[in-house]
Amino acid sequence: MRMRNHFLTAVGLAALSVGLALPAIAEVTEQDILNDAKTTDDVVTYGLGPQAQRFSPIKTLNRDNIKGLVPAWSFSFGGEKQRGQESQALVKDGVLYVTGSYSRLYAVDARTGEKKWEYNARLPEGILPCCDVVNRGAALYKDKVYFGTLDAKLVALDQKTGKVVWRKDIDDFKSGYSYTAAPMIVKGKIITGVSGGEFGVVGRVEARDAETGEVVWKRPVIEGHMGELNGKPSTMTGKANESWPGDTWKFGGGATWLGGTYDPELNLIYFGTGNPGPWNSALRPGDNKWSASRLAINPDNGEIVWGFQTTPHDGWDYDGVNEFVPFDMQKDGKTVKAGATADRNGFFYVLDRTNGAFLSATPFVSNINWAKGIDENGRPIYDDANRPGDPAKSEDGKKGKSVYATPGFLGGKNWNPIAYSPDTRLFYVPSNEWGMDIWNEPVNYKKGAAYLGAGFTIKPTFEDHIGSLKAIDPATKKVVWEYKNKAPLWAGVLTTAGNLVFTGTPEGFLKAFDAKTGEEVWKFQVGTGVVASPITWEQDGEQWIGVAAGWGGAVPLWGGEVAKTTAGINQGGSFWAFRLPKALASR
């Protein structure tokens, strides 16, 4: 945590919302949200649809004409505030909404890049973001735009003016809570989680009335905690002490820091849950449910419908928060309502999304050694020789046995979202090849202090690359193609009906690949690392591509030896928009 304090002191400017008036904007409806994966003029959800497949049906741009894709404009986030820019933008009626580091939100003319308005949150001293001062995006609904802030607040703004409509506390930032994800809109409710898993917080998913900001329900994800519905206690999550000893469940982690997906047909929202607290697993024997899990939740009342734990009794910070992407899979001549997730533990899971039944788990990174495999029920077959030792059993009682474990704690895949193409039936997974030395240390919970109980050094697995973009067939469980990158990959992925896959690199490139073969067909240098998720939309009869740029995130803060591969990369803060001119579209 000491690594980050030097830039937190810059926080504390007064909230500011200034800019130009916007023309009339049609309200974003429930139907707009549900149809976002099919429509082309707008992008109104994080993930290009509630299922977050990040697939666009636009096929104007293809490998034959992509050489004509050129920059249209670049918008600077301004000021001295830089750090990581991990936001996915939204577009509605010619206005682009993009969040920036330090809890900022901008409305920009999508044709010209002219700023319409901006909102700068009032961030107090002492905020505790674990992994840089990032924000991953906003949500649109009716006439408002919503986003969360690093001091654990949820803000609703007027889309036209950027003026605050309401501002609500998610939780107490002094206890370690924060918020970095893009909210999700489901049936008139705004769905959020919490960040702060390294500080002994308790993860939860909650729903608020999108008009008023008032809480409708809360669902803690750690066993023993009581849910809430309409202001009253509802049901307990699991059973107290069933998989947590003593009072460890009170500070059990499981932060829901990445946001969720939604299946409207099944009426289920899917959330991943983070690492248990503390990292030192010797202090909490048991499965520690529902940390490091995927949960299906009823959006009407917050009840858990099913849960699947990818790393029970996690001892490596393998988290479990990565997105669960619904898709339909052909198996034995039948269509299976499936969902997939590329877990930080290095396995690519496919589950039945109706009931959480385990279908398959396949390694997607090299040299996994914390587990010997996954059994027929989806449970890891642990290699206990590669679990960090209990410091209480060491000679000095201060440091347990150190082990080398693969993947490293930043994961086979971290936050950066995968994409799925129904055309190729492939998932595109931004992964990293690294391991770590890790050991356990004594720790006690203290409000607002890091609750790790572990030390670590992360190291690259190979000399020639760390980053690896892989195309994975969920039916055959095979890697179809792979692109290797020298530095870690930290950007999200976009795929299109034009047989293209887009992602960014820390070296400053936005790149495009042939979706079937993995051949690199285009790249553009934006001058700083790309760690955001690209989008695409149609405007004036042309296809546009957009991405935020600005190096940062967890790698330079936590990356140890692998951070050396990015040591010379400049920070930045901007949004780049590219277009394929009509005259070049047919070439």
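Backbone N, Cα and C atoms are what each Cβ position is placed from, and that goes for glycine too.
Per Swiss-Prot, signal peptide is recorded for 1-26.
As annotated by Swiss-Prot, disulfide bond applies to Cys130-Cys131, with the evidence given as similarity to another entry. Here the Cβ of Cys131 (disulfide bond) has 22 other Cβ atoms within 10 Å, regardless of which shown protein chain they belong to.
Feature annotation from Swiss-Prot assigns La(3+) binding site to Glu198, Asn275, Asp317, Asp319; the stated evidence is similarity to another entry. Cβ neighbour count for Glu198 (La(3+) binding site): 24 (other Cβ atoms within 10 Å of its Cβ, all protein chains included).
Residues annotated as active site, proton acceptor in Swiss-Prot, with similarity to another entry given as evidence: Asp317. When other Cβ atoms within 10 Å of the Cβ of Asp317 (La(3+) binding site) are tallied across all protein chains shown, the result is 28.
According to Swiss-Prot, the region 'Disordered' annotation covers 379-400.
Non-local neighbours of the compositional bias 'Basic and acidic residues' (379-399) in the same chain are 280-282, 310-312, 315-316, 345, 369-373, 405, 438-442, 454-455; each lies 6+ residues outside the stretch with a CB under 8 Å from one of its CB atoms. Taken from Swiss-Prot, the feature compositional bias 'Basic and acidic residues' applies to 379-399.
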**Prompt:** Given Asp319 (La(3+) binding site) and Cys130 (disulfide bond), what distance in Å do their CA atoms have, once rounded to a whole number?
**Reply:** 14
**Asked** C-alpha of Cys130 (disulfide bond) to C-alpha of Asn275 (La(3+) binding site): distance in Å?
**Response** 13
**Asked** Taking every protein chain shown into account, which of the recorded positions Cys130, Asn275 has the largest tally of Cβ atoms within 10 Å of its Cβ?
**Response** Asn275
**Asked** About how far apart, in whole Å, are the alpha carbons (Cα) of Asp317 (La(3+) binding site) and Cys131 (disulfide bond)?
**Response** 14
**Request:** Could you state the whole-number distance in Å separating the C-alpha atoms of Asn275 (La(3+) binding site) and Cys131 (disulfide bond)?
**Result:** 14
**Message:** Quick check: which same-chain residues outside Glu198, Asn275, Asp317, Asp319 lie with their CB within 8 A of the centre of the La(3+) site CB atoms?
**Reply:** Gly197, Gly253, Ala255, Gly274, Pro276, Trp279, Asp314, Tyr318, Phe409
**Request:** Determine how many residues of the compositional bias 'Basic and acidic residues' (379-399) DSSP places in helix, in strand and in coil.
**Result:** 6 helix, 3 strand, 12 coil
**Message:** What's the number of neighbouring CB atoms sitting within 10 A of the CB on Asp319 (La(3+) binding site)?
**Reply:** 30
